[in-house]
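**Q** Below is the structure I would like to discuss, written out as C-alpha cells.
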Amino acid sequence: MRQFLRNLGYALEGVGYAARTQRHMRFHLFAAAAVIVLGSWLGLSPGEWIVVVLLIAAVLSAELINTAIECVVDLVSPDYHKLAKAAKDTAAAAVLITAAAAVVVGAILFIPHLMDKLGL
C-alpha cells in the first residue's frame, strides 16, 4: 500500500508539473471544469457522463504525454534538430486531434440538451 501511495504521489506531481508549466494543460483543466458544470446543469444521462469523463481523460492524458515528450526531447536535444521538432509537433498534433474529437462529440451531446433547456 505504501508503494501505491508513493506512486500515486509521483503521478500527481506530474499533473502538478504540467498544470504549473503548460498553458494548454491549464486551458484543458479549465475546459474540463466548465464541461462538468454545464453537464450538471443540463442533466446529462449516465451514459452521456461516461462519454464526457472518457473524453476529458483522453484530452488530459494526451496533454500529459505531450508534456512528457517535450521534456524528454528538450533534455536529449537542447539544440534545434529537425527530428526533435518532428517529435514535438507530432505529440502536439495528437493533442489537437484528441481535443477536436472531444469538441465534436461534446457538441453532439450538449447541443440537444442546450436547445431543450433554452426552449429552442
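Our numbering is plain: 1 for the first residue shown, then up by one each step along the chain.
Each residue, glycine too, has its Cβ placed from N, Cα and C.
From TrEMBL, for reference:
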- GLU63: active site, proton acceptor (ACT_SITE)
- TYR10, GLU70, LYS88, ASP89: ATP binding site (BINDING)
- GLU63: substrate binding site (BINDING)
- GLU70: divalent metal cation binding site (BINDING)
- 27-44: transmembrane segment (TRANSMEM)
- 50-69: transmembrane segment (TRANSMEM)
- 90-111: transmembrane segment (TRANSMEM)
**Q** In Å, rounded, how far does the Cα of GLU70 (ATP binding site) sit from the Cα of GLU63 (active site, proton acceptor)?
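**A** One finds 10 Å between the Cα atoms of these residues.
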**Q** Pop the Cα-Cα gap between ASP89 (ATP binding site) and the residue listed as 'active site, proton acceptor' into the table, whole Å please.
**A** 13
**Q** Same-chain residues six or more away whose CB lies under 8 A from the CB of LYS88 (ATP binding site)?
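**A** When sequence neighbours closer than 6 are ignored, LYS88 (ATP binding site) has ILE69, GLU70, VAL73 within Cβ distance under 8 Å.
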**Q** Could you pull out which residues elsewhere in the chain have a CB under 8 Å from any CB of the transmembrane segment (27-44), counting only those six or more residues past its ends?
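**A** For the transmembrane segment (27-44), the sequence-distant neighbours (Cβ-Cβ under 8 Å, at least 6 residues beyond its ends) are 19, 52, 56, 59-60, 63, 99, 106, 109-110, 113-114, 117.
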**Q** List nothing but the one residue from GLU63, GLU70, ASP89 whose Cβ has the fewest other Cβ atoms within 10 Å; the candidates are the recorded positions.
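**A** Comparing Cβ neighbours within 10 Å for the recorded positions GLU63, GLU70, ASP89, ASP89 has the fewest.
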**Q** Using the residues the record lists for ATP (TYR10, GLU70, LYS88, ASP89), what whole-number Å value is the largest Cα to Cα distance?
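**A** This binding site's residues have a maximal Cα-Cα distance of 26 Å.
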**Q** Counting every protein chain present, what is the number of Cβ atoms, excluding its own, within 10 Å of the Cβ of TYR10 (ATP binding site)?
**A** 9
